[in-house]
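Taking it in order: structure first as structure tokens, then the write-up.
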């Protein structure tokens, strides 16, 4: 994030800068239903609608939380090193002032950052797709945003945040969004447990939805990253170029790896690799040149592809690869920011920061590792504890075995992505009811005969 919380009195904001950042907020908004389509397509059809809905519920919940306390916890200028205070609770004193971002009215920066916060819990919940219970999960999202996302965002970008003060380079959310959601996904997968065995294969039901979701995510990511320059300038243009190149490199790398292994061109592989490249470039996009961004996309394609196989070897069920794509992709991006960052590219908008190891500043890798370790540890640990406590007090994040077999859409919503899905599931449920009734009657028949005798 560029020029957050400077102390000198800034000049009035340029109309073009404000317009670009508000456009960026709208582009990040588009990513949220895009994520819903992406996740829904990768799930079985009986769970697709719940994944679209949970993405929009994440948006609604975080919008309200952001208004009440979230923005203040993440971006107040009077907090300590670890968490913000109540300075901006209920958006008090948030208006035309430029106290948080020097190039923007506080309100514009607030709504832009809100969209970042809104998509993050939805990313994490993908790890427990096909078995989460909707109402407890919405409560989890509220708690999680408040005590996991907001503190990590404050550490990274807050005026007095300890990672910000340390000198960590994180342009658009490698720690608070990618590492945070990925390791939260791992914590959820371990706390909630694996999906039940099923006769239905665990495979995507709609590749067209996956491709549509990928396109919307990629499109929105251009605003997600580029508008994080907080101005319409040369550095924002650099970010736009880098984001596209990394996404392309990640997609092509994953596709080639899958082709070498399976001798097939996989649409799912390309889409997943593109997202991995976009994830990895998120913290790095404003700090390095185009050539380095291709390298980051390539490394993310390789690293995340192999990480996606860990769940089979290690025995956890990260349904939609939240950890292997967002967690590992975020780690790759943050680490190589410390390697490839260059003072020249950083200075395109006048920002004066040292580069990374290849620019003569190897300590930057240490700072980046501190962000990776702190973000991953906090997110994983607190996420696991939230899920554990909720289960112990009767608010389990997991549905019953019967509800899981019938599908979240039927058992918790009574609605479906398509009518034929509802007809099939309703017929299956009725068949199970009749079978159960016949079983009970057969078991009771000898008892009745014995009594009559």
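Cβ from N, Cα, C; glycine included.
Curation does not apply to TrEMBL; its annotations are automatic.
Below 8 angstroms of C-beta separation, residues 51-56, 58-59, 104-105, 108-109, 111-112, 114-116, 118-119, 122-123, 126, 129, 209-210, 212-217, 219-224, 226-228, 230-232, 236, 271, 275, 320 of the same chain, each at least six residues beyond the ends of the transmembrane segment (18-39), sit close to that stretch. According to TrEMBL, the feature transmembrane segment maps to 18-39 (among others).
What TrEMBL records for 19-416 is domain 'Ammonium transporter AmtB-like'. The average pLDDT the prediction assigns to the domain 'Ammonium transporter AmtB-like' (19-416) is 96.
If you look up TrEMBL, you'll see 51-74 (among others) marked as transmembrane segment. Long-range contacts of the transmembrane segment (51-74) within the same chain: residues 29, 32-33, 35-37, 39-40, 43, 83-91, 94, 110, 113-114, 117-119, 121-122, 125-126, 129, 132, 134, 137-138, 141-142, 145-146, 149-151, 153-154, 157-158, 413, 417, each at least 6 residues beyond the stretch ends and with a Cβ under 8 Å from a Cβ of the stretch.
Feature annotation from TrEMBL assigns transmembrane segment to 106-127 (among others). Within its own chain, the transmembrane segment (106-127) is flanked in space by residues 13, 18, 21-22, 24-25, 28-29, 31-32, 35-36, 39, 51, 54-55, 58-59, 61-63, 65-66, 70-71, 74-75, 88, 91, 93-100, 137, 140-141, 144-145, 149-150, 153, 173, 176-177, 180-182, 184-186, 188-189, 224, 227, 230, 318-323, 326, 383, which lie at least six positions past its ends and keep a Cβ under 8 Å from the stretch.
Within the same chain, residues 1, 4-5, 57-58, 61-62, 65, 69-70, 73-77, 79, 81-84, 100, 113, 116-117, 120-122, 124-125, 168, 170, 173, 175-176, 180, 184, 371, 374-375, 378-379, 382-383, 386-387, 390, 395, 397 sit at least 6 positions outside the transmembrane segment (139-159) and bring their C-beta atoms closer than 8 Å to a C-beta of that stretch. Residues annotated as transmembrane segment in TrEMBL: 139-159 (among others).
Annotation comment: TrEMBL describes 171-193 (among others) as transmembrane segment. Under 8 Å from some Cβ of the transmembrane segment (171-193) lie the Cβ atoms of residues 1-2, 116, 119-121, 123-128, 131-132, 144, 148-149, 152-153, 155-157, 163, 224-225, 228, 239, 279, 282-287, 311, 316-319, 322-331, 333-334, 337, 371-372, 374-376, 379-384, 387-388, 391, 397-398, all in the same chain and six or more residues away from its ends.
The transmembrane segment annotation in TrEMBL covers 205-224 (among others).
Marked as transmembrane segment by TrEMBL: 236-257 (among others). Note on the transmembrane segment (236-257): residues 20, 171-172, 218, 221-222, 225-229, 265-266, 269-278, 280-281, 284-286, 288-290, 293-298, 300-302, 304-305, 345, 348 of its chain, located 6 or more positions outside it, place their CB under 8 angstroms from a CB of the stretch.
Outside the transmembrane segment (264-281), and at least 6 residues removed from its termini, the chain residues within Cβ reach (under 8 Å) are 38, 42, 178, 204, 207, 210-211, 213-214, 217-218, 221, 225, 242-243, 245-255, 257-258, 293, 296-297, 299-301, 303-305, 308, 321, 325-326, 329-330, 332-333, 336. Per TrEMBL, transmembrane segment is recorded for 264-281 (among others).
TrEMBL lists 287-308 (among others) with the feature transmembrane segment. If you look at the transmembrane segment (287-308), the same-chain residues 6 or more away from its ends with a CB under 8 A from one of its CBs are 169, 171, 238, 241-243, 245-254, 257-258, 269, 272-273, 276-277, 279-281, 321, 323-325, 328-329, 332-333, 336-337, 340-342, 344-346, 355-356.
Residues or ranges marked as transmembrane segment in TrEMBL: 320-345 (among others). Below 8 angstroms of C-beta separation, residues 39, 42-43, 123-127, 129, 169-171, 174-175, 177-186, 189, 235, 238, 272, 275-277, 279-284, 286-289, 292, 295-296, 299-300, 303-304, 307-308, 310-311, 353-359, 361, 364-369, 371-372, 376 of the same chain, each at least six residues beyond the ends of the transmembrane segment (320-345), sit close to that stretch.
According to TrEMBL, the transmembrane segment annotation covers 365-390 (among others). Residues of the same chain lying 6 or more positions beyond the ends of the transmembrane segment (365-390) and with a Cβ under 8 Å from any Cβ of it are 124, 136, 139-140, 143-144, 147-148, 151-152, 155-156, 163, 166-170, 174-176, 179-181, 183-184, 186-188, 190-192, 327, 330-331, 334-335, 337-339, 356-357, 396-397.
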